[in-house]
Amino acid sequence: MVKKAKWLKNVKKAFSPDSKKLKHESVECQDSVISYPVLIATSRSSSPQFEVRVDEVNYEQKKNLYPPSSDSVTATVAHVLVDSPPSSPESVHQAIVVNRFAGKSKEEAAAILIQSTFRGHLARRESQVMRGQERLKLLMEGSVVQRQAAITLKCMQTLSRVQSQIRSRRIRMSEENQARHKQLLQKHAKELGGLKNGGNWNYSNQSKEQVEAGMLHKYEATMRRERALAYAFTHQQNLKSFSKTANPMFMDPSNPTWGWSWLERWMAGRPWESSEKEQNTTNNDNSSVKNSTNRNSQGGETAKSSNRNKLNSSTKPNTPSASSTATRNPRKKRPIPSSIKSKSSDDEAKSSERNRRPSIARPSVSDDETLSSSTARRSSNLIPTTKSARGKPKSQTSSRVAVTTSTTEESSILPEKAPAKKRLSTSASPAPKPRRSSAPPKVEKGVLKAERTP
């Protein structure tokens, strides 16, 4: 700070005039120029001794075209002072000093003096300016000024560099924001166009984020469900041993759960379709159950009605017909040999093994109908034998033989027809139903009472 203050003082001194010197200098005589206060001093007392002959001075000046020199002026002044008698100091101050402007008027002398003083002032000022320029030149060529100039230039360069970087960054950010805004607008327009064209417009009051969160939650739930099902299925498969089928399905032998996992994944990926299909399947199952129950009821009713008709026909008092049937077949039927029976049983076992399926299923409605019809036939064949046995004890042996032959024939015929009916029932029945026990009605007591009454 001290050096800076000194430097500023030096600069100010270089450009400021010397006012102090002008104040202290009262009278200066440079280049034979008399100052203004000396010329203004005039004597109030005009004495004839000190009168100056103006005509003579003018005449001399006219002769000499150039103005008188300083030596002549000083000589004249000294001559006048020598010639004058001694007097008081007041009279000395009032003495008129003869100068070179003696032959001119006062106005002309004043104008000349003013011009000379003004020219001297201009010359002094020019010299001061020249001195100040030299001092300034010396200061500018110094090391301090050079150091300060280098520092200022570096600061200006850094400021300009920072400003240029800030401007370029602002321009780049504005361009990036514009490009991003355009991309968002294009994406939004594409989404709207796709939704309008697809017709999958969502009219819910939820926001896009909420809808996406719900879809993600559903997807995670389906994936969890699929994993749980796969885990349970693998454990069930490890616990159970499935029998190999004759015609295996098309699947990967290394991965036994190939078809199941693919189907489950496909169904889990479409929850709305799976819900609709489940509803349809439940409706179909309900309708099939209703149809099966109706068929069961109809089959049971028909079986019951047929059994009742047969029982009524058998309970009627037709003793001569029974006796005639017993007398018509007096011949004894030959019993079937054991070899034929064994062959028929082997054939039946082979046919049943061929037609047997690996799937475990319960007998359906047709099986119940076959069982009911077979029991009804057996009961109808047994009832007349009891009547004839009680009516005619002599023909007991023949009736027993007939009954045994008829039962063996029926037993040999029924197993051959049963597998075909079972195959039809398993293919026609939609789902396994519980077994319906169809036993023949107990009619022995009623028959005995009807026989006793007549």
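Our numbering is plain: 1 for the first residue shown, then up by one each step along the chain.
Glycine residues also receive a Cβ, built from the backbone N, Cα and C atoms like all the rest.
Fair warning: this is a prediction, and the values are worked out from it, not measured in the lab.
Looking at 125-132, 197-204, 421-428, the stretch flagged in Swiss-Prot as motif 'Nuclear localization signal' turns out to be 421-428.
Among the ranges 103-113, 136-146, 147-157, 257-267, the stretch that Swiss-Prot annotates as region 'Calmodulin-binding' is 103-113. Averaged across the domain 'IQ' (107-136), pLDDT for the predicted model comes to 92. Under DSSP, the residues of the region 'Calmodulin-binding' (103-113) split into helix, strand and coil as follows: 8 helix, 0 strand, 3 coil.
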